[in-house]
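Structure first, then comments.
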Amino acid sequence: MMALYALVLLPLVGAAAAWLAGRASPRAPWPVAVATLVLLAALLAYITWAVPAGGGPWLAHASAPWIPALGITLRCDMDGLGLVLLWLTVVLSFPCVLLASRDITDTPGTFHALLLATIAGVDGVFIATDLFLFFFFWELMLVPLYVLITVWGHEDRTRAAFKFFLFTQGSGLLMLLSILGLAFVHQQQTGILTFDYFALATTHLSPVLAMGLMLGFFVAFAVKLPVVPLHVWLPDTHTQAPTAGSVLLAGVLLKTGGYGLIRFVVLLFPDAAIRFAPVALALGALGILYGAWLSLVQDDIKRLIAYSSVSHLGFVLLGVFSASPLGVAGAVVQMVAHGLSTGALFVIAGALQDRLHTRDLRRMGGLWPALPHLSATGLVFAIASLGLPGLGNFVGEFLVLLATWRISPPIAILGAAGLVLSALYALTMVGRAFLGPPPGDGWPALPDFGARHMAVLGAAMALLLALGLYPQPVLDLSLPAPLLHSALPHAALTGGPRP
Amino acid sequence: MTATLIAALPDVPAPVLVLAAGILVLLLAIACRRPGRESGTVAGAIIAAATLGLAFAGLWSPAPPHAADMARLFAADAWFAYGAGLILLSSGGILAMSWRQMAGERADEAHLLLLLGTLGAVVVAGSANAIAFFVGLETLSLSLLGLIAYRPRLPDAVEAAMKYLVLAGTSSAILLFGLALAYAETGDLRFTVPLAANPAEPALAMAATLLVLTGLFFKLSAAPFHLWLADVLDGAPTPVAAFIAVVSKIALFVALARYFAMTDLTGTAWPAQDLAIVAVLSMVGGNLLAFGQTKLKRLLAGSSIAHIGYLLVALLSAGPLGAGSAAFYLAAYAAATLGAFAALGAAPDQPDLAAWRGMFHRRPAVALALSIMLASLAGIPPAVGFFAKAYIVAAGMSAHRMLLLAALIVSSIIGLCYYLNVARVMMTPAPDTAAPAGAAASGTTVLLTALALATVLLGLFPGPLVQRTTALFRSAGPGGATLAASHDILYASTPPPRQRLLR
Amino acid sequence: MTAAPAQALLLASMLFALGLLGVLVRRNLLFMLMSIEIMLNAAALAFVAAGMRWHAADGQVMFLMILALAAAEAAVGLAILLRLHAAGRPTLDADTGNRLKG
Amino acid sequence: MLALLPPLIVLCPLAAAAILLLSAGRMPPPAARLLAAGAVGLAAALTLWLAVRFLSAPPPAHRLDVVLWHWLRVGGFDARIAFTLDPLSLVMMLVVTGVGFLIHLYACGYMRGDPDVARFFACMTLFVAAMLVLVLSSDLLCLYVGWEGVGLCSYLLIGFWYAEAANGVAARKAFIVTRIGDAALLCGLLLLATRTGGLEIAGVLRSIQPGGPVAEAAAALLLGGALAKSAQAPFQVWLPDAMAGPTPVSALIHAATMVTAGVYLIARLHPLFLAAPAVMTAIAVLGLVTLLLAAGSALAQTDIKRILAFSTISQLGYMFLALGTGAWGAAIFHLVTHAVFKALLFMAAGAVILRVHHQQDIFRMGGLGRAMPGVFAAFAAGAAALAGLPLVTAGFYSKEAILQQAWRAGPVLWAGALLGAFLTALYISRCVFIVFLGPVRTAPTGRTEASMAIPLAGLSVLALTGGLIEMPDAIAPVHLLFRLLAPVLGPPTTEGAEGGAGVLLLAGALAPLAGIAVAWGLWRPRAGAPAPADDGLARAARAGWGFDAAYGLLLVRPFLALGWLNRRDLFDRVPDLLAAATRWGARLLGRMQDGQVRRYAGWIAAGTVAALCLAVRP
């Protein structure tokens, strides 16, 4: 199905169009970007609709030769997990474009082009099943985002963008080593040099080797997710990125880490992953607590949200390494919910900065009367972020903790303790920004959220609510494809021996 | 007459002949030129371009009949054809770059020197014999000296030439002494690692090899023999700097690979160990050096040093991928480095990085092109450098060069810093006082566009080139004498040892 | 190896070392160039000695080549020294007046 | 038909909340008031109808299951959004909607003039909906939704007047302290779900192995949640501060309903707790300790709402004591009566506060009985019920039921509970005497409007007569409530019909009377202005026995201080170090290129020599 390629090509074409439009008029790129996104959504809807009923876990395929001499192909396959994350990408790109990027005045054509190019790269990551192709997209999606941050970011953008790029690229090189190592071991065993995901999954690996290769993947994804000792790029980057960049980073880019952990670390190296699980679980719990703890003491609102991301994504790590479908489903729901809630929080933080010209919570307070709509949405998403049952985040966290409890109650208890801390920082943020008395002699008249913002954020809220109350469609999609009925003939995640 | 000449020189590949003939023609043209008239420039450039084009076409001429192995001067094999092709294309690019850059005064002589240098490079790339190699190398060096000092108005050009003169002379002498020792030990002048006559006493052969390597590494500017490069590139006119960084390095690397064609470079024994040390020093040192620079040319010098290190990793990764990746990387390196220098040439008189602030606003096309080139050098997709580096890493993986790869990764990350820094500088808004950058010469524009396109397209579709580079070392059938030679030249004769790590 | 070529090689090596030392310790550019010539000639001598050992003409051919190229190099080198002077460098001291560094 | 009613009853306030939220403050205040009170009133009416239908024709096994939809079904785990209607949930529904409706009615008057009344009522109705979900759920995870939902509404309403920074802090404190318990509760749910395969209450209770470590651990974890929600020691610190919210909120959430959720939870899961005897003992002891500590604190307070807050903690202690002794019915009975009389007390106090210009210090009030006799009467009725004035108040009967059960469990518990009854009468009498008798210190203005007076009157009647549905055998064998609850909580214990019942009853009746008498001796109207006691004991009691200070010193401060120290993120220094090392290396290499051609040649020579040495070395 060529439509899969179109998922990557369409945003690229849109990017080119937006850039060209930007040369014509500074007002032109925005509608072009919106139109591209609408088309992309329509395309994805078509792909979703065109999935043959009962056609197995892999919903769509595409393949074409790329570098035949090295066995590299343009192979793309989409399963439910990919589909969910693709939808998340498309859905979250709407707030980026509709809310954040319209007010860009500095070469808007380039801005929108880069935004769309990032989306193209992310789309590619979610569908590529040739490991080299995956790596290509993995590295590709960083570049436009780097430029976005460097040019349109806030005061300390250079350093932040540097850190972001170096961390992700550096860890990506480790993943490259692992990809190549796996391919060569496979070549030794079969005589065929290939980077095909399904072929490589059948490689027999000694325990030591499997662990080494898995760690290469793990580090790359752990940086992206992020996992705690490797998270240091994230607060800076999220803080300094322009609003659209922050939304895209938190909402979508981090999810590529979780996706990679599920798709590659756990499924390609099930045994090694199980042996590694204690460490990963400990790291996950550490991330939950450490992120929440540091989130609490931040004065910069975007930094606070960034650390809260670290905390939330610790749950994803727990879920992925809990070695059960329950945990993986929880991790996916958590990723989607975190994308929606944190993305919205970044929109709100960006709007605050636009209005107040500061992100410092010490200089905020008492904004509710001045900006009732903005404050109310801020409160709502903060509550979602602290994991209130009935909203999507809770479903994810609960499933993850349930899966974790089965293998390690102490880790699950630590994770549950993270819920207390998340309440602490979320409510502290709300309290410091919106409640209390205003500083000095009150706020001047500030423009509140208009219908556009309320509609988009309301839609995000509705999705979170739907995810919280009826997550079954996402659970059904995210779960079976890669884990139970995958094309791989091994008992993934069950710890069973490989055939 | 040509026919008899070819008959008399059965061993000489066609491009060498074409270049020599072209040089003669250009000399004649210069001699006939009436003094004081500028019209010679166009004619000279046309002659130079035609010569390069014809030489390139000559790559497809049937291989000359093979002389006896011992007496062979040239190895006109596929590896040579590939290297010479890259050299000729790069020279063509530099010709385009220098169209206006070197002109103004006596451009014809510049073109002549360019052709001479190209001839030297092609000879170096193809030489199978110490004599041919030495002659080619000196032709290259001497014409480079002329080119570096060509524009006396550049204040630092002469100093650069002086440094090059002294250091290149020293290194040539060292190399020559090594060749002499090798000859003394083995009694044949083949350009290859000498085998000790008495295996129990390898000292003389080893010393010979090391002295030759010193000379080669100097020209390649591998650390710790790299110190001259930054100064010389800094002082030389931009097209000449490009010539040094691209053409001369390609030629020398091709020769280096040929020099080690019969040697087992797989293990950690000598000389692989020496090469590995040099590779690590070059990668880390080059990148660190570039990291601290504020002048673009010096930065590119550091980058060039580091890339030699990467190429050495490919060379050390014996096996089918190693040779192919080295060949591919050469092309990627040539395109990107040439492009970077072309971008520098497109905005002349801005050697300092600071002067490039706001380039994305002032000269977006040039800034974009330079960014693409730097991305390629840094190994960022979609530029071709991404795949090239991945290819080298693949080769290293397949040959279990884990330590080298670790150094490669660390140094690549350092490298990212300064490449990104350049991009960032170009993205930061310029102060209003920044001088408006002049328009680029048309030749540079064309070259830059072509290289940018090539870099991106090759990055997106590296398949054909990979096919080609792999075929260089694979298509040897029992009947193809020429290619068979190349086959054992770069295919390490011993298979890689079974993988310790993987067992 | 018979005695004569070995001794010649030893002599060449000593010459070569002297030349290299000259490059390293002399500050005058002219003397540095001369030292390089010494090194080249040492190599040429080594070639001749080696040719003697193998009773082949190759060494002598190489010697001729080196001679020619050394001459060419000297010519270009002297021209560059003149240029250096013309560009305003007061002395031929290699250690002073260097602008390219860092 | 019957199955439709529970979801419909939940939907009424939920829809009102949604409308009020989505109207985003554009709705005129009268419409908001009408909508909220109407929705909760409708829910109350429907609940009444449901109760009538349920009681007249009970469904089989006295329970009605309504499955709404599958919530999570993945990897062998299945949770549903489902309701169970049985006598226990019916009683709770009646309390929530009935008392809730009266409080909404009252709030219509109380909040008149507040510009943000739509937000207020949105949260209030949302709370009612969440509370209904809590009591109706047949699945523990679904219950958890309501459990957290009421906590959220509590947070929003405590901090309703957000302009005051202290209110926000109090709201946060309430949420976070209860959240700690919620985390424990969640862990309990995880444990149960892992061990029993699901969270459906009936299924969980069926698969419990008595006496096992799982039952003990699960019960302990669930108890953690219940303690925090019901403000029992050691979590009681949040409730007094929660009085920062508007008075109707205190009445509804922090007296009548939400804080009793812990009691409900334990009663609902009583087979689990029966299987964990150690936890049962802990419940009883903690209940008793809380009861006495809070009563002591109430005695030293000067703020009328804080007196009532500590009183609530203390009364909840009674309920926990009852639970700990296995008297589930008695606990629920006291829950119901307490909901009535404490809501009455809060609303009467609110009426007083409104009339005296938001003065809350009882020592600035005084003599208000003459100015507002109706309110005085209502407050007195509530106080009497709280004190447990024998025979004529609801509180007497419910407390009596608990005392009897405590005697059976052990004389120590009984003595403590009796002391508590004495203290209760003492502190509430103190409050009544100081506020309503004696000279006037703050002149009241205005008058209490009808929408506030009607609920007061209604609840007064209930507070006095509500206890008649359930009486000790020594007075009259009326057991309407226990018999109603029997299908859920088991038959009421009858072994208590031994000889001493009459004596116990007498003791239970005399304790409050003694308390009132002592209070009259201490705080009866005198010439001089009464002043709060100010010795060390009183100060400690007023400060809630130092729990707040201890927590602050031991937990909060160190946590924040460490966080503050590490706010720049320790790990973030690593990249800086690497960058510094790189710069240092670059400088070093840059220095190597000093432009001296001889030195360059020297490096070449050195490199060669080094390579030679390396080669010669074997």
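Every residue number used here counts from 1 along the chain in the order it is shown.
Placement of Cβ uses the backbone N, Cα and C atoms for every residue, glycine included.
The feature domain 'NADH:quinone oxidoreductase/Mrp antiporter transmembrane' is assigned by TrEMBL to B:128-414.
TrEMBL lists B:12-30 (among others) with the feature transmembrane segment.
The transmembrane segment annotation in TrEMBL covers B:42-60 (among others).
Packing against the transmembrane segment (B:80-99) from elsewhere in the chain are residues 13, 15, 45, 48-49, 52-53, 55-56, 59, 74, 107, 110-111, 114-115, 117-118, 121-122, 125-126, 237-239, 242-243, 246-247, 250-251, 253-254, 327, 330-331, 334, 338, 341-342, 345, 441-444, 446-447, 451, 468-469, 472, 486: each is 6 or more residues past its ends and has a CB under 8 Å from a CB in it. According to TrEMBL, the feature transmembrane segment maps to B:80-99 (among others).
Residues or ranges marked as transmembrane segment by TrEMBL: B:111-128 (among others).
If you look up TrEMBL, you'll see B:164-184 (among others) marked as transmembrane segment.
Look at TrEMBL and you will find B:204-228 (among others) tagged as transmembrane segment.
According to TrEMBL, the feature transmembrane segment maps to B:240-260 (among others). Remote same-chain partners of the transmembrane segment (B:240-260), defined as residues 6 or more beyond its termini with a Cβ less than 8 Å from a stretch Cβ, comprise 75, 79-80, 83, 86-87, 90-91, 93-94, 97, 114, 117-118, 120-122, 124-125, 127-128, 133, 136, 140, 144, 147-148, 150, 191-193, 212, 216, 219-221, 229, 232-234, 271, 297, 300-301, 304, 308, 311, 315, 323, 326, 330, 333-334, 337-338, 341-342, 345, 489-490.
The transmembrane segment annotation in TrEMBL covers B:272-292 (among others).
TrEMBL lists B:299-320 (among others) with the feature transmembrane segment.
Marked as transmembrane segment by TrEMBL: B:365-388 (among others). Through the fold, the transmembrane segment (B:365-388) approaches residues 303, 307, 325, 328-329, 331-333, 335-337, 339-340, 342-344, 346-347, 356, 359, 412, 415-416, 419-420, 422-423, 426, 437, 440, 448-449, 451-452, 454-456, 458-460, 462 of its own chain, all at least 6 residues removed from its boundaries and within a Cβ separation under 8 Å.
What TrEMBL lists as transmembrane segment is B:400-422 (among others).
According to TrEMBL, the transmembrane segment annotation covers B:434-461 (among others).
Tallying C-beta pairs under 8 angstroms between the transmembrane segment (B:12-30) and each of B:111-128, B:204-228, B:400-422 places B:111-128 first. Scored on C-beta pairs under 8 angstroms, the neighbour of the transmembrane segment (B:272-292) with the top count among B:111-128, B:164-184, B:204-228, B:299-320, B:400-422 is B:299-320.
Panel annotation: around the transmembrane segment (B:164-184), residues 130, 133-134, 137-138, 141, 144-145, 148, 194, 204-205, 207-216, 218-219, 225, 228, 232 of the same chain, lying at least six beyond its termini, place a Cβ under 8 Å from a Cβ of the stretch. Taking Cβ pairs closer than 8 Å, the transmembrane segment (B:299-320) reaches residues 220-223, 226, 229-230, 233-234, 241, 245, 249, 253, 256-257, 260, 264-266, 272, 275-276, 278-291, 293, 326, 329-330, 333, 337, 340-341, 344, 353, 377, 389, 392, 395-396, 398-399, 401, 404-405, 407-408, 411, 415, 418-419, 422, 470, 473-474, 491-492, 496 in its own chain, all 6 or more past its ends.
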